[in-house]
Amino acid sequence: MPIKIPTELPAFKVLSNENIFVMNDSRAKTQDIRPLKIAILNLMPKKILAENQLLRHLSNTPLQVEVKLIQTKSYVSQNTPIEHLEKFYTYFDDIKDEKFDGLIITGAPVEQMAFEDITYWNELTEIMKWSKSNVFSTLHICWGAQAGLYYHYDIQKYKLEKKISGVFSHWVNDENADLTRGLDDIFYVPHSRHTEVKKEDINKISELEILSESKEAGIFIVATKDRRKIFFMGHPEYDRNTLKEEYMRDREKGDNVDIPQNYFVDNDINSTPKFTWRGSSNIIFGNWLNYCVYQNTPYDINDISK
């Protein structure tokens, strides 16, 4: 997918070097089509890395996508240069009068805290409330998915005895579902979290359906039947080395964490991790953009409503 981003954004060079089609504003204006407007609320600490990962996955179908990066005002990232944030990010207050075809709410390393204790919780709930009338389809990832299920449906998260970390096999519950179309009977996705949501709680909500799950990692994809809200409990956007970097970070902090499962060759942390989820991740993000956003969003973006 031709993705429209500033040429100065680090992802522009990274993706161009990977032969992914990116374009600047002047090139985009020569294409007489309405681009999909996608906002990304980036709550990850390493924002540039998260940008690269998500933009890579938004670049795989033949539609033009215009991306707007959003940061919280109530909490300023400590791990991303302020110059980068000032140049490429905007605040919710600056875009709340706009409509978007899609919104991605990322994960964040705050899952062991109560939702209400998180510095930017009130701001996040305001954004999620706004998304119901101003965004056609919202994709929530990992902690963002837990936060979305809690806010919209009062579904609780539960602390695990040990952190789930690794790459796990998953199956599809409905082979005809749009979001999982094209996936193999068994496919792989990374998970990295200390908490979970329970299947029985989701099954109580008639508006929701579980589209994919795993014996080891539990629920993966939950979606509303109208596909206006999507929840990924894992991290399909992760790069080859993301789990490795998180594992090393946790060890340096003195956390008692296990080696990520099904990831390192022979569990050797000095080996190059096996990248076994790239194909399935491309399919999943492509399906969201195509079936949940492009095929159903109004041509006139101002017609988006609840």
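All positions are counted from 1 along the displayed chain.
Using N, Cα and C of the backbone, Cβ positions are placed for all residues, glycine too.
Swiss-Prot annotations:
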SITE      E111  site 'Important for acyl-CoA specificity'
ACT_SITE  C142  active site, acyl-thioester intermediate
BINDING   K163, S192, R249  substrate binding site
SITE      S192  site 'Important for substrate specificity'
ACT_SITE  H235  active site, proton acceptor
ACT_SITE  E237  active site
Margin query: Using a 10 Å cut-off on CB atoms, tell me which of the recorded positions K163, H235, R249 is the least crowded.
Written below: R249
Check: Which one, from the recorded positions E111, E237, has the smallest tally of other C-beta atoms lying within 10 Å of its C-beta?
Finding: E111
Margin query: Of the residues named as substrate binders, K163, S192, R249, how far apart in Å are the Cα atoms of the most distant pair?
Written below: 14
Next item on the list: Indicate whether R249 (substrate binding site) is helix, strand or coil by DSSP.
Entry: helix
Note to self: Give me the sequence-ordered set of same-chain residues, not including K163, S192, R249, with a C-beta within 8 angstroms of the centroid of the substrate site's C-beta atoms.
What the structure shows: P109, S165, R193, H194, L243, E246, Y247, D250, D255, V257
Margin query: Within 10 Å of its Cβ, which one of these recorded positions (C142, S192) has the largest number of other Cβ atoms?
Written below: C142
